[in-house]
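Peer 1: For reference, TrEMBL lists these features for the protein:
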DOMAIN    A:85-281  domain 'ABC transmembrane type-1'
TRANSMEM  A:12-29  transmembrane segment
TRANSMEM  A:86-108  transmembrane segment
TRANSMEM  A:120-139  transmembrane segment
TRANSMEM  A:159-179  transmembrane segment
TRANSMEM  A:212-231  transmembrane segment
TRANSMEM  A:263-284  transmembrane segment
Amino acid sequence: MTRTGSPLGRRVLLGALGVVVLAAVWELYKALGPATGVVLGDLTVLPRTSDLAMPHVWDMVARLFRPVRSSGDDEMMWQAVLQASFFSLGVAAVGWLVGVVVGMLLAIVMQRFRTAESALLPWIVLSQTVPLIAIAPLVKRWGSQIEIGSFSWENWMSVALIASYLAFFPVSIGALRGLESPDVNHVELMRTYSVGWWATLVRLRLPASVPYLLPALRLAAANAVIGTVVAEVSIGLRGGIGRMIVEYAAAAGGDPAKPWAPIFGAVVVGLLAAGVVALIGLALTRYRRGETPA
Amino acid sequence: MSTAPSAPGQPIASTRPAAVSATGVGKVFASRKGADVTALEAVDLTIAPGEFVSLIGPSGCGKSTLLRLIADLDSPTSGSIEVFGKTARQARIDQAYGIAFQQAGLLPWRTVRSNIELPLELHKVGKADRAARSSELLALVGLSDFADKYPDQLSGGMQQRVAIARSLAESPGLLLMDEPFGALDEMTRERMQTELVRICAETGAAVVFVTHSIPEAVFLSNRVVVMSPRPGRIRDVIAVDLGRAEGRGEGLREADSFFEAVVAVRESLHGEPAGAPAARGVDQR
């Protein structure tokens with residue numbers, strides 16, 4: 001926020017310019033690139049430029065304003081995509097929230113107990129090397145066995161859980177660094193006030209961790225979105241953007257612009273998630289004074 | 001030894017317990033390679049309530065270590081330290097002292113006022129009382145107009161004044177200061193010294209003041225404790241009688257009595273003239 005100091009309008013303009021440049025590059029390559037793509041040896045380095053592989057930008061946009069199935073009188077494509085986007089965003093938000101809470105708790109425990117740090121940290125790092133595709137069916141199967149009273153585990157919860165599995169990692173690492181960031185000076189000052197660990201955590205360590213926490217929250221949001229989209233596919237949850245991408249990809253042969261619509265939707269979800277974290281950052285401006293040395 | 005209770009300038013024992021009473025204090029830092037470092041050895045020191053005592057000496061003489069022992073940020077390996085008749089630990093728990101370090105150590109996300117209120121807030125002082133006390137302290141250190149500023153908007157000298165105000169928040173009977181003006185320029189430093197003398201007179205707190213600067217120690221103190229390194233011990237205690245706070249203006253810095261005291265501390269620090277043979281004899285024993 002304070003880094004560029006440029007007015008909001010200017011930054012929005014620059015952002016829009018980036019999209020325009022991207023579209024221009026796309027069209028330029030499509031017009032000038034070889035129809036068979038650029039192939040080095042057996043390796044395709046750049047894609048083919050056919051309408052099938054690379055639809056025109058305006059075709060992709062226009063497709064958003066036609067019904068989902070070209071023939072029927074379905075709802076508009078953009079409506080369907082938006083609906084799916086919000087569904088996925090909701091699931092991702094739940095996953096993000098769970099991930100942030102778990103990540104913070106882990107960081108606090110690791111900061112409190114040195115031995116916990118040595119015991120937990122390797123496993124936390126290791127946890128992220130497990131491929132999502134591998135755990136998705138497991139989570140689904142375990143979840144289906146949970147039934148407590150009127151509560152029963154649903155598929156969207158499995159997706160949210162997997163999203164949180166990706167989201168908690170940056171939070172726990174970032175928060176741990178943040179919690180350990182206060183100067184010895186400050187920690188000793190708290191000791192001279194003879195206040196306990198809890199007061200030191202609340203008054204010193206948590207506020208000091210904010211500059212480390214915000215980038216972690218942003219990463220967690222991105223991870224939660226990716227986790228949601230991928231888990232929707234591997235668990236087979238209907239209604240979200242992930243499932244939509246797979247379904248529409250099948251239609252690519254006859255309607256090449258169609259698969260791009262949910263991809264735009266995924267981009268929108270990512271932008272919204274990043275925007276929410278930016279708002280959190282704005283609310284915590286007071287704790288970020290250290291970021292720009294006066 | 002010159003550290004014995006009969007040393008010149010030693011205050012006469014009153015009914016009140018001494019602000020600080022160190023007896024035979026030693027501190028050994030164990031290092032991993034097995035080469036232990038003796039930071040302090042056989043330190044005896046008594047500081048009366050309201051007295052201003054400076055600890056001076058070259059780097060590594062243990063003056064900061066002694067301060068940390070008094071503050072119970074470290075514990076001595078031998079001997080004992082009492083603060084107002086209590087153990088150092090109990091004194092810390094009872095908030096018998098306020099402390100200021102070389103770095104102001106203000107919390108950057110708190111305003112000047114709420115930095116000063118931090119210890120009060122931590123000890124559950126009510127909001128109205130806190131505000132009243134912080135206003136008082138802001139006036140005392142001359143920063144009333146800066147109450148709502150953040151630390152990064154203040155100069156180094158101002159930050160240090162906030163730190164001093166914070167250390168005074170709970171009206172401690174003892175103030176521990178570890179080179180609080182060490183990072184300031186000479187002009188600011190002298191102004192801060194004059195202010196500290198005034199503040200101490202107004203609060204009546206005893207002060208243990210660690211410094212590298214001879215003129216600073218002399219200007220501020222009732223007694224200057226000269227320390228020598230490896231192992232850190234007290235070489236000399238020099239009484240400085242420059243009159244009470246009211247008389248200590250800028251003119252004092254150019255007075256003969258000031259220079260005499262500076263010379264005395266200098267010679268003691270360098271371990272030379274004025275009864276040097278005797279002093280050396282003591283050292284080698």
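Glycine is treated like the rest: Cβ placed from N, Cα and C.
Nobody curates TrEMBL annotations by hand; they come from automatic prediction.
Buried or exposed, and what's around them? Tell me for each listed feature.
Peer 2: Tertiary proximity for the transmembrane segment (A:12-29) is limited to same-chain residues at least six positions away from its ends with a CB under 8 Å from its CB atoms, namely 46, 49, 54, 56-57.
For the transmembrane segment (A:86-108), the residues of the chain that approach it from at least six positions outside its boundaries are 120, 124, 156, 159-176, 178-179, 201, 216-217, 220-221, 223-225, 227-229, 232, 237, 239-242, 265-266, 269, 272-273, judged by C-beta separation under 8 angstroms.
When Cβ-Cβ distances below 8 Å are used as the criterion, the transmembrane segment (A:120-139) is approached by residues 106, 109-110, 158, 161-162, 165-166, 169, 172-173, 176, 227, 230-231, 234-235 of the same chain, each at least six residues removed from its ends.
Away from its own ends, the transmembrane segment (A:212-231) comes close to residues 88-89, 91-93, 95-96, 99-100, 103, 132-133, 136, 158-160, 162-171, 173-175, 177-178, 181, 237, 240-242, 245, 266, 269-270, 273-274, 276-278, 280-281, 284, 288 of its chain (Cβ-Cβ under 8 Å, at least six residues beyond either end).
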Peer 1: Under 8 Å between C-beta atoms and at least six residues away from its ends: which parts of the chain pack against the transmembrane segment (A:159-179)?
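Peer 2: Beyond its ends, the transmembrane segment (A:159-179) has Cβ neighbours at 91-92, 94-100, 102-104, 106-108, 110-111, 117, 121, 124, 127-128, 132, 135-136, 139, 143, 201, 205-206, 208-213, 215-217, 219-221, 223-228, 230-232, 235, 237, 240.
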